[in-house]
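Here the structure is laid out as structure tokens; the discussion comes afterwards.
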Amino acid sequence: MNKVLQLGLQSSVINVAKFLVVPIRSLRVGSSIVGVGVGTRSVNKRLMSNATVKSIPFSINNSKGKEGSDSGRAEMGTPQDDRKDIEAMTVQELRATLRKLGLPVKGRKQELISTLRLHMDSNLPDQKETTSSTRSDSVTIKRKIRNMDEPTEDDYSNSEAYGIEHGEKRVKQSTEENLKAKVSVKAISKERKSLTKTGKQQIHLKEEALSTISSELLKTEEMISSLSQSEPWTVLAHKKPQKDWKAYNPKTMRPPPLPEGTKCVKVMTWNVNGLRALLKLESFSALQLAQRENFDILCLQETKLQVKDVEEIKKTLIDGYDHSFWSCSVSKLGYSGTAIISRIKPLSVRYGTGLSGSDHDMEGRIVTAEFDSFYLINTYVPNSGDGLKRLSYRIEEWDRTLSNHIKELEKSKPVVLTGDLNCAHEEIDIFNPAGNKRSAGFTIEERQSFGANFLDKGFVDTFRKQHPGVVGYTYWGYRHGGRKTNRGWRLDYFLVSESIAADVHDSYILPDINGSDHCPIGLILKL
């Protein structure tokens, strides 16, 4: 087997490390965390309030009492009357009464009143069903808690001194209740501290989580920035992008491979901008490209070879690609030039447009290969040049001649037209449409001619059909370093006859391949 171009080129495929992007919605975590913190504090407050009420051993007086219990009301009086009588007592009277009952006598008047009230309430008939307390009961409960939480030595000594003589049993019961209440209050205090500590820990954890998220976002931004430098084509670059446009990314926008056994052909095309210069590069090898893409046919434009160079180049062909066909410029040496390199033997090959004596065929711009199911035309369309000197020739002669050539071939079988067509057809196909309206390749005349001579005659732009709102460029000028910022043009195409447009499985761009101011593009066509 012979060898396909040992192009000496090295694939610049970049293996980008995988990373977790933190969804932008994660930013809402910050607000929700704050909400949780506030909610936790309010819940804790409610829990503590409820716990305080439930943990205090006391009976709530029912002002209604039992129906028909007149004797009880006559002996005891109503709770309201009793409270009024107690409040009317002097401090000396209160202390004397408390001493008789064996109760503590230390404290201010209101504290003595509370102690006496509490003793009265504890001696009322037990109520199994409790109801909500009045505001005064709540105040009394709080004071009782305060008194029990900070008892004095006098309280205990007075209880012991008068307990035996004036009702040891009641003092013991009261002391047990006090101890229970004290334990309950301490438990509540401990629970409050625990909950507060837990809340602080949760807030601390949330703050750590926010810090981690911020750190991850920063890392993500740095990786995106790094990615935009290493893979600039993944970042949308356009002066006036539409809201639904997005950047072309071959890693995510190519369809899955065809099932094994599916009959198809894979064609690639590339304007190499000087084949001999490309062969001297150590950064890329055509063997690697062939192994990576496993193409069947490779079309080259702007080889800039002379006829005398072809035989030497053929010696460097990669094994398996046995068929190569070269067209060189004879009117201007080392200029233009096209080639088709294939591992499939074509049925026939022709050069130029076939028009006898045509000037179009003097620059080596067309090679046509006939295969079983289609014609493949590889072409390098003339540039209109600086100052648009060749614009008239381009649109009035070249485009029309090529269009007629295609339509003639199409009479027998479908046609695939590929190569550097030197026209960015729509505004989506060029980074700065407004600034290039009179630039070669984007003039209104060239764009209209492109539509009239190819698209309007039944040819389909396969990439645009597959990716209607995608910005993908194939050319970046050296002069302004456009490749680093993805400020490019889409000048390279695969146009196919409408009859086989539905058989196109994939039309793609390989923007990671360097070595020229153009990048390769590919077509997978089901047969």
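Using the three backbone atoms N, Cα and C, a Cβ is placed for every residue, glycine included.
Taken from TrEMBL, the feature active site covers Tyr380. Taken from TrEMBL, the feature compositional bias 'Basic and acidic residues' applies to 64-73. Per TrEMBL, the feature domain 'SAP' maps to 86-120. Annotation comment: TrEMBL describes Asn422 as site 'Transition state stabilizer'. The site 'Important for catalytic activity' annotation in TrEMBL covers Asp492. As annotated by TrEMBL, site 'Interaction with DNA substrate' applies to His518.
With helix defined as DSSP H, G or I and strand as E or B, the domain 'SAP' (86-120) counts 26 helix, 0 strand, 9 coil. When other Cβ atoms within 10 Å of the Cβ of Asn422 (site 'Transition state stabilizer') are tallied across all protein chains shown, the result is 24. Note on His518 (site 'Interaction with DNA substrate'): other Cβ atoms within 10 Å of its Cβ, all shown chains, come to 23.
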